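Taken straight from TrEMBL:
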| type | residues | note |
| --- | --- | --- |
| TRANSMEM | 30-50 | transmembrane segment |
| TRANSMEM | 57-82 | transmembrane segment |
| TRANSMEM | 88-108 | transmembrane segment |
| TRANSMEM | 129-150 | transmembrane segment |
| TRANSMEM | 162-185 | transmembrane segment |
| TRANSMEM | 205-225 | transmembrane segment |
| TRANSMEM | 240-262 | transmembrane segment |
Amino acid sequence: MDSDIPSAFANRPSGDKTWLLFHYIPNQPLSIVSLVVYIIFMLYFAYRVYKTKSRRFLYILSFTAFMEVVGYLIRVLCYSFTSVARFAVMNLFLLLAPNALALVNYKTLGEMIRLSRVQEKRFYLRPKFVTWFFFASDIFSFFLQGSGGGLQATGNADTGKAIVLVGLFIQLFFLACFFFITIYVSRNDNYTFYVAGVDNPKRKLAICLFSTLVLIYIRSIYRVIEYATGYDGPVARTEWAFYVFDTLAIAICFVLYAIYYIGNYIPKRDAQEDVTATSSIDLNTVRMLKNPV
């Protein structure tokens, strides 16, 4: 065995790459706990979206949790044996999953703008633009990160790392742009809507969007630093950093999505058109009272 490899790795199976890729033996209890937590999130959101007849795009929450489940399941297996392919697939699922959460936020803000019925002349505040432009940017970032992760699995580590970094930087840039648009919409009284039986749905959605965006951004910055410093860098070698800035950050996002459940604050699938029409009448009344002729 190479004298540079710690003795703790002496009894690893032949062909094991744990030291080369992780530089530590993955903590099995933490991996199992994370796996169980995300299984719970996956089942919870799938059931809640179905049971409450919420908008179908919210199934993305369950799909995201599923990706996390796959990633942590492989991480559990890496405790016993780590191959390059196994490590790359694990990293791919854990890297890409939070991108899907951003899609939920993009769609939600687009719905907030649409429900307000504001006749917006600025193209970047139109609901279709907000939804599809940021959706496309996220898919592009998703594609780059996925391609980079795939190259890493084939042994092209340096090229793969560079592509992943580009994808992460693109994600950070568009998340920042989206954050500023969210601030504008949340603070502008024109972007107001009503949902029957719900008190101030816009404010609750804004809390959900802002808090989850901050957590996703923190997690993305952590990933940029991790990839920029390399697999043998101080960040990649520190397991607690992964669990704090990735696992915990995304888990808190899911908790916030459960507390401020988006499906409660926008019209359900069956009632969507009727509620929106009523909301438009109420909103016009409010505007007339605020701005009498």
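Even glycines carry a Cβ here, placed using N, Cα and C.
Spatially, the transmembrane segment (205-225) is adjacent to the transmembrane segment (88-108); three or more Cβ-Cβ distances between them are under 8 Å for residues at least 6 apart in sequence. Spatially, the transmembrane segment (30-50) is not adjacent to the transmembrane segment (162-185); fewer than three Cβ-Cβ distances between them are under 8 Å for residues at least 6 apart in sequence. When Cβ-Cβ distances below 8 Å are used as the criterion, the transmembrane segment (162-185) is approached by residues 95, 99, 102, 105-106, 109, 112-113, 124-125, 130, 134, 137-138, 140-145, 147-149, 151-152, 191, 206, 209-210, 213, 216-217, 220-221, 223-224, 227-228 of the same chain, each at least six residues removed from its ends.
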